[in-house]
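**Q** One structure, pasted below without further comment.
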């Protein structure tokens, strides 16, 4: 048995191929059942996200193993092997162990250190548990991986700094204002970036959130989720003075918030400061706003500088995280090799016990039939000795015949012949 990881990800395949190899949540149970029907597969976990599709398997190692698994993957997704082969990567044994630990810790992610992948790995593991498709080795590996990912999070700073535009915008707001709990926030737009910003702000318990969008319908679902008020874009002028922080990200070709609008808001607020974060391209807020007193305007380029600085910090933390993964993967492989020894010892003891049981039964039967007890005992001892030393004797003879002195010495050591 060996552990194997294979897959494709954002580094090896374009989205046009990744989307054809993905497993939908509804199909995971069928995929696992089909996978475990393959003769060489003893257990499996299927991890499928927008950036990667990976199989983690415990398998019987054979020469045509890769070909069999490629054939299964291609048949399942109705692809030709030529479409997939060049994008597939393979990791065996310790490499498979360290790869999974790196993935779960965010070290192999498109955004270094992102935390979402750990939840996705846990979900994939839970699916395999539910479908009873885990081998003992895989179950132990994933449990170990979760503890390693937690250790990486707690012992390094890999997740401490913002490396997404949405997170950076919220980080900037928290740097300028000590607490967000007494502040009102206006979000302009209702796209993916604003969704992420809104969720971050909800976690920091802002006083009140307003979402302004071209249509109310698009913004209403997000507003319901985060407890926000919804207004339309034309209403911004009347409500701008209510906001301490304005974060904007729309696809508008022209600015939505102009200098005059901000001047009126500042006058209404009696010049209480306002933070503007414009993460739209083209810009949603006129650059001249940044020249007004008590109006602090940051563009997407300003956020990129924050992100680049934070990414450098994450890169430094990643070095420490890689060291943790290397250490823990070696620890796991030590345990795995020990399990192989346990199984061998169990088989050896079972074989010896079977010989003892068979020969004892014959000896007792002979005594019951009136045979001389001393003779039966001597014969039992003689036959038992011959049976137990037969296989080791053949191995010793073969090693000597082959001139394999290293193996011969190994056999002597295992039989305790050089012990005093």
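Cβ from N, Cα, C; glycine included.
Heads up, here are the entries from Swiss-Prot:
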BINDING   49, 50, 51, 52, 109, 114, 115, 116, 120  substrate binding site
ACT_SITE  50  active site, nucleophile
SITE      99  site 'Important for activity'
BINDING   189, 190, 191, 192, 193, 194  NADP(+) binding site
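Tell me what's around each of these sites.
**A** Within 10 Å of the C-beta atom of residue 120 (substrate binding site) sit 17 other C-beta atoms, taking all shown protein chains into account. Classification of residue 120 (substrate binding site) by DSSP places it within a helix.
According to its DSSP assignment, residue 50 (active site, nucleophile) is coil. Taking the Cβ of residue 50 (active site, nucleophile) as reference, residues of its chain lying under 8 Å away and at least six apart in sequence are, in sequence order, 18, 22.
Around the Cβ of residue 99 (site 'Important for activity'), a 10 Å sphere holds 24 further Cβ atoms from the protein chains shown.
Under the DSSP three-state reduction, residue 192 (NADP(+) binding site) is assigned to helix.
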**Q** Report the same-chain neighbours of residue 194 (NADP(+) binding site): residues 6+ apart in sequence with Cβ closer than 8 Å to its Cβ, ordered by sequence.
**A** 166, 187, 188, 211, 222, 247, 249
**Q** Let's check the environment of residue 115 (substrate binding site): how many other CB atoms sit within 10 Å of its CB?
**A** 14
**Q** How many neighbouring Cβ atoms, not counting its own, are there within 10 Å of the Cβ of residue 109 (substrate binding site)?
**A** 20
